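J.: Here's a structure for you.
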Amino acid sequence: MTVEELKKKKIAVLMGGLSAEREVSLNSGKAVLASLVKQGFRAVGIDVGRDLPQRLAEEQVELAFIALHGRFGEDGSVQGLLELMGIPYTGSGVLASALAIDKIASKVIFASAGLKLAPYQVLRRGEELKLANPLPVVVKPSREGSSVGVGIVRDPSRMQAALDEAFRYDSEILIEGFIDGREVQVGILNGKALGAIEIIPKGEFYDYEAKYTDGGAQHILPARLPEAVYAEVLRQGEKAHAALGCDCYSRVDFLVTETGDCFLLEVNTLPGMTDLSLLPEIAGGAGIAFGELVLRILQAASLKI
């Protein structure tokens, strides 16, 4: 859609929601809403709850900019509702969203696409743990983002606590072999890589606090990688985005070793849009200001089914 066509439509920025990432989503949504209003769009913010269908109808929403993170927002739930209501929306569709947030399902697809993954095992609530990889390992819920519930276990005495924490958020968890590498994240827009940023967290890894606390991590743009490795991580980012059938934009997370191996961690279909978020920073490095990034995402809004 052209900018002129979009400015005639009532746009809702969907934010907040019911997940463990609610506060981050509110920050993303407020930033997007402020940008849209500044650019002259008829935009309103909606804090998503179980009354979302009624709110969308009452506001006579014609297009939705999804700024939700985590469950009930990034997992295909809201996307399915918008499809049923005939409201075009930003980001990926129902299936790609559901696959991306499910780390177990997405790993199967990534492996079939030839993408490199850390060795892992799946543990379901109630099952006995028979550790398949030597310590250290990374324990994480299957369907959460922003490193919620994630822990690194180096000592056997800490394993149960890490399992308990991950099971707080999901009935299925992943236990991955630890990869010693640089944390590198690739920004994707309209299916093409914008660039790659390197993250150096102040703590043990890039956890929730490091992601959303000013000064919690050092960002290096572009990532300090040899030219050939940098090109490869961009290519792998585009490949992962396409493998899940993602639409328009995403952020793809990797660990890159000293030998240049790029281990794929996950694809985020609704990456953060806050002042500390990485996709806007990567886009800025490619010459795309925040307002322009918001506009390009909005212009790609559509029904996917």
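Placement of Cβ uses the backbone N, Cα and C atoms for every residue, glycine included.
Note that this is a predicted model, so its numbers are computed, not measured.
Reproduced below are the annotations present in Swiss-Prot:
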type    : residues       : note
DOMAIN  : 107-299        : domain 'ATP-grasp'
BINDING : 134-185        : ATP binding site
BINDING : Asp253, Glu266 : Mg(2+) 1 binding site
BINDING : Glu266, Asn268 : Mg(2+) 2 binding site
J.: Most Cβ neighbours within 10 Å: which of the binding-site residues Pro134, Pro141 is it?
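T.: Output for this query is Pro141.
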J.: Which state, by DSSP, holds Ala162 (ATP binding site): helix, strand or coil?
T.: helix
J.: What binding-site residues among Pro134, Ala162, Glu183, Asn268 are found with a C-alpha within 10 angstroms of that of Asp253 (Mg(2+) 1 binding site)?
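T.: Of everything listed, what lies within 10 Å of Asp253 (Mg(2+) 1 binding site) (Cα to Cα) is Glu183, Asn268.
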J.: Do me a favour and check the Cα-Cα span between Ala162 (ATP binding site) and Asn268 (Mg(2+) 2 binding site); whole Å is fine.
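T.: Between the alpha carbons of Ala162 (ATP binding site) and Asn268 (Mg(2+) 2 binding site) there are 23 Å.
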J.: Which ones in the same chain are close to Asp155 (ATP binding site), with CB under 8 Å and 6+ residues apart in sequence?
T.: Leu135
J.: In angstrom units, rounded to an integer, how far apart are the Cα atoms of Asn268 (Mg(2+) 2 binding site) and Val148 (ATP binding site)?
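T.: Here the two Cα atoms lie 14 Å apart.
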J.: Specify the secondary structure state of Val148 (ATP binding site) as given by DSSP, simplified to three classes.
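T.: Val148 (ATP binding site) sits in coil per DSSP, no helix or strand.
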J.: Report the same-chain neighbours of Glu176 (ATP binding site): residues 6+ apart in sequence with Cβ closer than 8 Å to its Cβ, ordered by sequence.
T.: Ala118, Pro119, Tyr120, Asn133, Val137, Val138, Lys140
J.: To the nearest whole angstrom, state the Cα distance for the pair Glu266 (Mg(2+) 1 binding site) and Glu183 (ATP binding site).
T.: 12
